[in-house]
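Colleague: Please read through the structure below; I'll follow up with questions.
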Amino acid sequence: MSSADWSTADVDQLACDTRTSVVAEMSLNAQWLFIHRSCVVLGMQLSLLVGLVCFSAINAKIYFKEDFSDDDWEKRWIKSKHKDDFGKWEISHGKFYGDAVKDKGLKTTQDAKFYSIGAKFDKSFSNKGKSLVIQFSVKHEQDIDCGGGYVKLMASDVNLEDFHGETPYHIMFGPDICGPGTKKVHVIFHYKDRNHMIKKDIRCKDDVFTHLYTLIVNSDNTYEVQIDGEKAESGELEADWDFLPPKKIKDPDAKKPEDWDEREFIDDEDDKKPEDWDKPEHIPDPDAKKPEDWDDEMDGEWEPPMVDNPEYKGEWKPKQKKNPAYKGKWIHPEIENPDYTPDDNLYVYDDIGAIGFDLWQVKSGTIFDDVIVTDSVEEAKKFGEKTLKITREGEKKMKEKQDEEEEKKRKEEEEKKKEEEKDDEEKDEEEKEGDEKKKMEMAGKIDGYYLNIKRTMENLTFPTDFKNYAISAKFPKFSNKDKPLIVQYATKRFTIPDDDCGGLYIKLLKSDLDQKKFSGETPYQIMFGPDICGIYVRKIHAIFHYNDSYYHCNSYLPMINDELSHVYTLILYPNNSIEILSDYNAQITGALEDHYDFLKPRIILDPNVDKPKDWVDDEFIPDPNDKKPDDWDQPEFILNLNVTKPADWDEEWDGEWEPPGMVNPEYKGEWQPKEIPNPAYKGEWLHPEIPNPDYVPDPNLYLYDDIGAIGIELWQVNSNTIYDNIIITDSIEEAKKFAGLTLNGTRIGEEKMKKGYDEKLDREEEEQKKKEEEEKKRKEEEEEGNSREEEERQEETDSNQKQEKEETKIKEEKKESKHDVSEKEEMETEKETKLGEDEEKELEEDKEGRESNKKMDEKKEWKKDSEEERLNKEEL
């Protein structure tokens, strides 16, 4: 569960855990007050308890915590999309575990992949004025041979969806393994635009069980690295990283006196070379016979082949004796470095807000768990107890049981295989092996090493990716006593990508080597040559076996980082000096004792001298006149008064409501006065040194009495490494001559071919670029044409739609017009009909009127006629 994922179901446990850790850091009065309040809390409502837990958690300052115990981990962790082929993650407890639920962690699942995933903190923070603790567990149950197991702490503004190897980070911490040569704990700090690696070698765990890694960075510029709760390394940031220029430098004005003799041993002038010393190194083989089919006319005069002369004793050198004028090694006086400026804030990162895993793994299966970032060592220790107790013990028991079952199964399979194999077939197969295989015994599938080595042209190349290789050759045993030992060879990498990983070194071995069983566990005398592991390790190894231990060079020796053949030369001189050359350019020269920790130091700090009590080495002191502002002291946390009580809050049921806590924006941290130069400052006190009484010189640091074989045993992610022109000799001239085959022959051809190849690539890239531009232009024109066509189609469509709308409008208008006309016509028709009817009626009425009038007229006429007739009658 992450620190941002608390719920009410966890209140009791969280209250108990937080109270314990906070009480441990309080004064006696504060403890009483806290315990008293705790007793009161027990009688309060649940809401008050939740509020107290929140404040307690803030005081504990756990900035991030994750144990991958719930299904919401994918909501908290963001998988990078920077590359499409990043490896996939899953939650798993692995093949063996202590608790099936609690031991679940974040697991890598795909071989030969980059992985990138990260999570942001609920709130960013600064570690100024307090400790910073980063802790997590790592389990390489796949028995990893090459891959990272570290975390990166980053700023809050990091884009985790684009998280990758070049993403800036504050701190990178954790184990990294690449073959037998690299098994270390990285502690890398970002300071002033550079990533600084620790100068000490901290060996990581390389077994299959879970291990807890803890980094503690303190506000006094000190640090400590713990593995499984035990201190693995500690010290001062300034001393163990190259953050700052050195305090002291060699006095440029001081010169070694001309009469100072540093030669501890000189030639004994009384020693004379024996008269019979000088013998040729090679002589004609006395046992060789002229072949019967040799034809002097065709083949030339026959000469026997040359063989090593058993009486050859090498170059004669007089014996050494103590130099009476020896004054010891001259120590160059030192002065204060004018460019040195101390920095009390080396440890500070003002914005820490994210954590992530950015890794390369050849063999997947690593499980990460129990991640915590805090300012409390006790909180981290308590959180890691589950790993150190339950997980580790359970894992070992389950693994032992699984191993027993596998061993039983393996023996059964071996017995079955033995029954099926036929000895005669094996012998016949061995007899068919050629002379070349007799010279170079090739290790088959033994101890996990797979044979896939072949000769191409006149080189030895390794053609298969993701494989271990082991091959060796024997030669007559010799000792390099009193003479130089030169080990030299040429090697070439076809490609060196950022994710490259693999060795390019050779091993010098004893004459009793069992070539069939040659592997990474085989003891060796010297291991020499380049080694690559990602972008962080690209160096030359020069490892010597001395008094049952292996010693690495104290200096970093960079390899040549290109795709051409290069010659690497190691020279050991009888005067205990060493020279390491790349293409005959010196990487280091000087005394073995100066470059390796074979012996105890010559000079130590005088244990009987202490710094005077009155010695003041504080260059700056607090200004007594600087006073703290009156408004400085503000509480770090306050109630958030902008939060209102929820509408459904029931005080009878939920208790009295209080607003949640928040960080006080006016909080300024602990006040510290300004600093001024200390008038009593006497400078840095230098502890006097004396010769170390435990120091015992060894004139034979360079010496190996039994050298009889050479081997190439390595792991390679990207194959096609080529080895060529290998020589072991005591003659520098012979070695230089042999190097010329590479530097003056192979390289010239390679550079010419590479130049042509690069020019071809440039042309092809230019042509490809031109094609892409043409294709882009064609697509743009096509898109532009399509766009125009689309626009034209759209315009045509718009025009058609407009026309259709207009036609529809016209039709509607016509329809409306027709309808109006029709109605008008109907009205007029009705009107006309009505008028007609009215006219008819009027006509009818007129007719009737006329008829009525006619009748009236007729009546009048009748009346008139009647009256006239009556009058006539009367007259008559």
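Just so it is clear, glycine is given a Cβ too, placed from its N, Cα and C backbone atoms.
As listed in TrEMBL for this protein:
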- 248-258: compositional bias 'Basic and acidic residues' (COMPBIAS)
- 259-270: compositional bias 'Acidic residues' (COMPBIAS)
- 271-292: compositional bias 'Basic and acidic residues' (COMPBIAS)
- 293-302: compositional bias 'Acidic residues' (COMPBIAS)
- 395-420: compositional bias 'Basic and acidic residues' (COMPBIAS)
- 421-433: compositional bias 'Acidic residues' (COMPBIAS)
- 754-791: compositional bias 'Basic and acidic residues' (COMPBIAS)
- 799-836: compositional bias 'Basic and acidic residues' (COMPBIAS)
- 837-846: compositional bias 'Acidic residues' (COMPBIAS)
- 847-876: compositional bias 'Basic and acidic residues' (COMPBIAS)
- Cys146-Cys178: disulfide bond (DISULFID)
- 236-325: region 'Disordered' (REGION)
- 395-439: region 'Disordered' (REGION)
- 754-876: region 'Disordered' (REGION)
Colleague: Tell me, by DSSP, whether Cys178 (disulfide bond) is helix, strand or coil?
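Modeller: In the DSSP reduction, Cys178 (disulfide bond) maps to strand.
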Colleague: Which residues of the same chain, at least 6 past either end of the compositional bias 'Acidic residues' (259-270), have a Cβ under 8 Å from a Cβ in it?
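Modeller: Hits for the compositional bias 'Acidic residues' (259-270): 317-323, 325-330, 575, 697, 699.
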Colleague: What residues elsewhere in the chain lie close to the compositional bias 'Basic and acidic residues' (248-258), defined as a C-beta under 8 angstroms and at least 6 residues from its ends?
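Modeller: Beyond its ends, the compositional bias 'Basic and acidic residues' (248-258) has Cβ neighbours at 330, 332-337.
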Colleague: Specify the count of other C-beta atoms within 10 Å of the C-beta of Cys178 (disulfide bond).
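Modeller: Its Cβ shell of radius 10 Å holds 26 other Cβ atoms.
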Colleague: Near the compositional bias 'Basic and acidic residues' (754-791), which residues from the same chain, at least 6 beyond its ends, have a CB less than 8 A from one of its CBs?
Modeller: 563-564
Colleague: Under a criterion of Cβ-Cβ distance under 8 Å and sequence separation of at least 6, what residues of the same chain contact Cys146 (disulfide bond)?
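Modeller: Listed in sequence order, they are Ile177, Cys178, Gly179, Gln361, Val362, Lys363, Cys501, Cys533, Trp715, Val717.
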Colleague: Which numbers of helix, strand and coil residues does DSSP report for the compositional bias 'Basic and acidic residues' (395-420)?
Modeller: 26 helix, 0 strand, 0 coil
Colleague: What are the DSSP helix, strand and coil residue counts for the compositional bias 'Basic and acidic residues' (271-292)?
Modeller: 0 helix, 3 strand, 19 coil
Colleague: Just give the helix, strand and coil counts over the compositional bias 'Acidic residues' (293-302), going by DSSP.
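Modeller: The breakdown for the compositional bias 'Acidic residues' (293-302) reads 4 helix, 0 strand, 6 coil.
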